[in-house]
Amino acid sequence: KNSKRRENQSSMSEFLLLGLPIHPEQQGLFFALFLGMYLTTVLGNLLIILLIRLDPRLHTPMYFFLSHLAFTDVSFSSVTVPKMLMYMHTHDQSIPYAGCISQMYFFLLFGCLDNFLLAVMAYDRYVAICQPLHYTTVMRQELCVSLVAGSWVLCSILALLHTLLLVQLSFCAANTIPHFFCDLTSLLKLSCSDTSINELVIFIVGGTIFILPLSSILGSYVHIGTAILSVSFTKSLFKVFSTCGSHLFVVSLYYGTIASVYFFSSSWEYNDKDIFASFVYAVVTPMLNPFIYSLRNRDIKQAFEIFVNRANFLK
């Protein structure tokens, strides 16, 4: 039995990704659209990182977390989109076994990081708005670094746990993944081994990394909302709502689409709605973050203007 298991596992040299449910005659249009979205994601987030590094006024906890979120978003998008664009262009839908496992690991890693960084940023806004006099003492540099480092370590361990459990499974004849990336649940459905342990770990760990950050975010914004209601100055109300409203939009879009795929799906089999919802949280949300966190941000705008003026001066 063990020899057969090893044979099945070694014989699975590659998987086939079916990609997004797009008609062949529309492939060219969507390729251009997705390429534009990916370039916007990469350039927008890298610009945020650059501005934060160059402008000393942005060396604060909020922008420290934002720079890490921007890096995570670039990485999260880069795990899936380049491969998707490549097979849309070449029509080669195959991905090697090792490449598929690696893609799954990094997708889980950066998806988990996004969860925790959004929670950390919500906590940062809570302290800034509800405890402004204690902000510098609470959000000290050591705590900020510890929160980010702890998120990296925890998410790396959790992603590695899922990966190590997956590589113990054997895969038989079926190798077609009805998705645009190597999704963990899709891979489990292809296995001819017992996946009960994997599913239990997904339920416990996945539920934890979804519910805990989301609860922290909602708790932070409930306290912020309560503080807002006690303020009578319209200008202060507008400022707080304009900042937190955009954050809540990202959180709602990100967690809403994840929940629709993994918690509220009516079937264990992926349908077109689930695949497009996955596309939203994996591709669209990382693209929107630079706009959501920057367009209404005066500090980022001023840093960008200084950067442009310096660039023109050097010419």
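Just so it is clear, glycine is given a Cβ too, placed from its N, Cα and C backbone atoms.
TrEMBL has this to say about the protein:
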TRANSMEM  29-52  transmembrane segment
DOMAIN    44-293  domain 'G-protein coupled receptors family 1 profile'
TRANSMEM  64-85  transmembrane segment
TRANSMEM  105-123  transmembrane segment
TRANSMEM  143-161  transmembrane segment
TRANSMEM  200-224  transmembrane segment
TRANSMEM  236-255  transmembrane segment
TRANSMEM  275-295  transmembrane segment
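By the Cβ criterion (under 8 Å, sequence separation of 6 or more), the transmembrane segment (29-52) is not in contact with the transmembrane segment (105-123), since fewer than 3 such pairs are found. Here the transmembrane segment (64-85) sits apart from the transmembrane segment (200-224); fewer than 3 CB pairs are under 8 Å, leaving out pairs fewer than 6 apart in sequence.
Across the candidate stretches 105-123, 143-161, 200-224, the maximum count of CB pairs under 8 A to the transmembrane segment (275-295) is reached by 105-123. In the predicted structure, the domain 'G-protein coupled receptors family 1 profile' (44-293) carries a mean pLDDT of 86.
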